[in-house]
């Protein structure tokens, strides 16, 4: 089996399990343990902020170990264990611990899959492969949602556990059966593949994370999530308030958005090289205020499908653009996954606050003005994206005119000299494979297979 086929399978299986039970957690605890909304909300808030704090360190773990297949398997095992522990759990602390284990596994999956992708296909092919990864990811989410929707009348709410458990087990098998030689650790971080004696120093963590371009990107994504995170939930509540079937329409909107994200992710992966990364970010950030305006002024649930089509466009583009931009900005530093995890943490803060902010806006301003108010951070995200210079323009050049795939230190750091943290680049070695000529060369894997 082609290594990129294994990668496609991994992305299908991890698509729905990254958030654990997600929205099904509240339904399960309400029915099985008779929990109230406040208890469910407290657990999800505590676990949410705890996993945000882990995003950066888990990304650093991926950079340090350089064994993404093992880490993907370990992450999926944690999700499986945490999900199964929730089945008999009724006490608050038991539920909290089980949900934290599952959520921590989900947090580790993203940087590990990104590292595996870079180590397989290299920097040049990464944008298109990331588009394929995201497309398969959304296929998995869509398939799981359909399986749970159709299976619930026959198996009850516990079907979510069995779907997630089955996906976790399949992801573990797909990760462990991926050929070890398909991954090149030096390729994954931008070091010379054919010179194992070339051992660049890792860039200091603070030097990478203080890069002005990463800070702008993180701020834009935090504002994006602040605006985006609560919109679907508020739409459902708005429909309930008008006497509509909010739950049924929310499920339909999720399916519509995920279906739109599949072709959008594929197109964005191709467009990243042809039109540049910055344009992708601008499209995603420009679409979000339009979605807020549609949600504010439309009340017919059928017409509101248009708003969720825009959700699919914005989220589909962001899922491709962010890892590609982070890879551009940190290429050769040995800290790509550290940076990606940290950016995800800042982005997640906006998402964590969105539900609370959106609820307050709806309570005090009403539905129309709440959505209009959420368009403000969306507009600010667009302004910050305009401020971010291109990281890889058409023709394969960065903002300074250099090759995007060229290994280079973060902004403001000299290419030579010892890293202040004194760390060695041992994580760049291939995953359990001999170095040097025994490693595959760039392009040996072959062209990534499309979905």
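Keep in mind that glycine also has a Cβ here, set from the backbone N, Cα and C atoms.
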For which of the residue intervals 190-213, 214-237 does TrEMBL record transmembrane segment? 214-237
Could you name the stretch, out of 42-62, 159-177, 249-268, 304-327, 339-363, with the greatest number of CB pairs under 8 A to the transmembrane segment (69-89)? 159-177
Close approaches to the transmembrane segment (159-177) from elsewhere in its chain (Cβ under 8 angstroms; 6 or more beyond its ends): 6, 9-10, 13-14, 16-17, 20-21, 24, 28, 69-70, 72-73, 76-77, 79-80, 83-84, 86-87, 140, 144, 147-148, 151-152
Counting only pairs at least 6 apart in sequence, do the transmembrane segment (304-327) and the transmembrane segment (134-153) share 3+ Cβ pairs under 8 Å? yes
Taking every residue in the domain 'Major facilitator superfamily (MFS) profile' (213-451), the average pLDDT works out to 77
Folded-back contacts onto the transmembrane segment (214-237), same chain, C-beta under 8 angstroms, at least six residues removed: 208, 246-247, 249-250, 253-254, 257, 281, 284-285, 288-289, 291-292, 295, 304, 307-308, 311, 314-315, 318, 322, 325-326, 329-330, 339, 342-343, 346-355, 357-359, 362, 367, 370-371, 374-378, 380-381, 384-385, 387-388, 410
